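Here it is: the structure, laid out below.
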Amino acid sequence: MPDDSIRPLITARSISPAPTFPTRDTFDTMDLAGGNVVRKGKLSWVVALSYAIDWIILIAVGVVGYILGHITPNKRPFALDDRNISFPYAEQETVPVWLAVVISVMCPIVIIAVICLVFVPGSTVPRGTPKSLIWQRKLWELHQGWLGLALSVMAAWIITNGMKNLFGKPRPDLLDRCQPDMENLKDYIIGGLLRLNSSLTPGHILGPGTLVSPNICTNPDKAVLDDGFRSYPSGHSSSASAGLVYLSLFIASKFAITIPFFSTSGSSADHETTAAAFPSRTRIPSVKVSGPDSYELSNRSPSALTNSIEDPALLSKGVTATNRKIAAVRRQAAAPPLYLLLVAIIPFFASVYIAGSRWWDFRHHAFDILFGYLIGLVGAIFAFRYYHLPISRGAGWAWGPRSHDKAFWAGVGSYSYATSRTRGTYRSGDEEEALGAPIEPYGRGSGMSSVAPVAPRKGGSQGMDARDEDTSYTGASGNDHSPEPHAR
C-alpha cells in the first residue's frame, strides 16, 4: 500500500509534479483510491461475445413467443347469453398486426438510428477529438438503444403470448367466431343453472349462467376460432407500449427532456463536468478547451489538475464560466422547450391509440387492454434503465460496456459489471483508449499522469491554487469556486 507521498490529489494542499512509475508491473500491484487501472485499449472479444449472446437470447425469446402465438390455447367455457362476447366479428381491423409491427417496432428502430447517428455524441466533444472515436460512441449508443428496444419488445411478446394461451379468455366477438351448434346444445352444457330441467330440447331456453364447452363451436377456420380465445392480455397494447414508450424514454433521454430538478451534488459543476462525451481529453495538451474544469473530469472533482490548453474562443461555449458562478435556486434548472416535449410524447400517444383501437374493434375487453398496456409499460421502463442512465441525471448516455473480467460473471460481492474483478476499479474510458499514447498507470487526467504539468497561469499557481477547506479559490477566469474539503 503506497504512502501519502504518492497521493498528492488526496492529501496535499498544493500540487507538485506527479511521480513517474517506470513499469506496468509496479502500478498493477497498487491499490490507490481513485486510480484507474488501464485495461485493453479495444473492446475484447470476450466482451463482444457476451453482447452477442444477449442478442441470441433475445432472438430465441422472440422465436418462442412466435410459436406460442400459433399453438392451440386453453379454451375457457362460456355462456351463450353473455352479452360481453356477443359483439360482431370485424373483418377489417383499425390497426392490423402488420401495421402494429411497423409502428411499434420498425419505426423505433429507424428513429433510434437517426438520433444516434446524427445527434450523438453531442456538443460536449472537445476540439480535436478523432472522428473514429466519435463514431465508436455513435455506434455504441446505437447498439445499446437497439438492445434495450429488443429487450422491451421481446419481454412483452413472450409474456403476453404465454398468458394468452394459459388463460384462454374469450374475446368480445367470440360468439360470432364460434358459430355454436344449437341443434345439439344439451351435449355441450358443462355447468350453470337451467330454467327448466336437464332434459333439454332445441326449443328450450337456457337459464342464466349456463356454461357450455368450447367444443360447441363449428367454425371450420381453426385460426380464427383459436384466436377468439386469446383476449387476455392484449398483444397490440403490450407491444405498442413496449416499443413506443421505450422510444419516448429514449428521445427524452437524448434531448434532455425532463421535469426540472435540483442537483444532488454539492456543486453544480460536478454533474455538468461528469456528463460530457470525452472527459479525459480535456486534460491533454493538444486539446483546446474552455477552461480547467470544463466538460467531464474522470475523478468527478471540479478542482482536478488539467493539462489542457485554455482556448479563449471556447470560453463562452464551455460550462466553466457558468459553473463558477453561484446560482440561485430558481436558476439551477429550466423547463425544456415545449416542442421537444411534444416530439417525445408523440410515440406515447401513438401507443395509446393502438391500444384503444382494440376496444372499438371488439377485439378485447377493457381490462385486457389495460393489463396488456401495463405489461409493455413495465417492460419499456425496465429495459430502458437496464441499458441507459436515468433521464434526469444521465445526460443522455447509455451505460458503458462490461469489463473484460466480468463479461459473463461477477460473483458475490461485486457491485458493478464495469469494474475489474481483482481490484474493483473501473476500466479506462474510451476517450483515453483512442489516443494512441503510451499506457499510463492511472489514466490521463487522474492527476497521477506523467504528462508535464501546465505552466503557471497569470495570477494563479501551477494547475490549481492552494487553499484551505473553509476558503474559496479563484481559477483561471477569476471567478469563485465553492469550497471543497480534502480527504486525509
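The backbone N, Cα and C atoms fix where each Cβ goes, and this holds for glycine too.
All TrEMBL annotations are machine predictions without curation.
Since we're looking at a predicted model, the values are computed, not measured.
I grabbed these lines from TrEMBL:
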TRANSMEM  45-68  transmembrane segment
TRANSMEM  97-120  transmembrane segment
TRANSMEM  140-159  transmembrane segment
DOMAIN    146-257  domain 'Phosphatidic acid phosphatase type 2/haloperoxidase'
TRANSMEM  243-262  transmembrane segment
TRANSMEM  338-360  transmembrane segment
TRANSMEM  366-387  transmembrane segment
REGION    427-488  region 'Disordered'
Could you give the number of helix, strand and coil residues in the domain 'Phosphatidic acid phosphatase type 2/haloperoxidase' (146-257) as assigned by DSSP?
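Going by DSSP assignments, the domain 'Phosphatidic acid phosphatase type 2/haloperoxidase' (146-257) contains 59 helix, 7 strand, 46 coil.
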Excluding the flanking five residues on each side, which residues at least 6 beyond the ends of the transmembrane segment (45-68) place their CB within less than 8 Å of a CB in that stretch?
143, 147, 150-151, 154-155, 157-158, 160-162, 164-165, 401-404, 407-408
Could you pull the average pLDDT for the domain 'Phosphatidic acid phosphatase type 2/haloperoxidase' (146-257)?
86
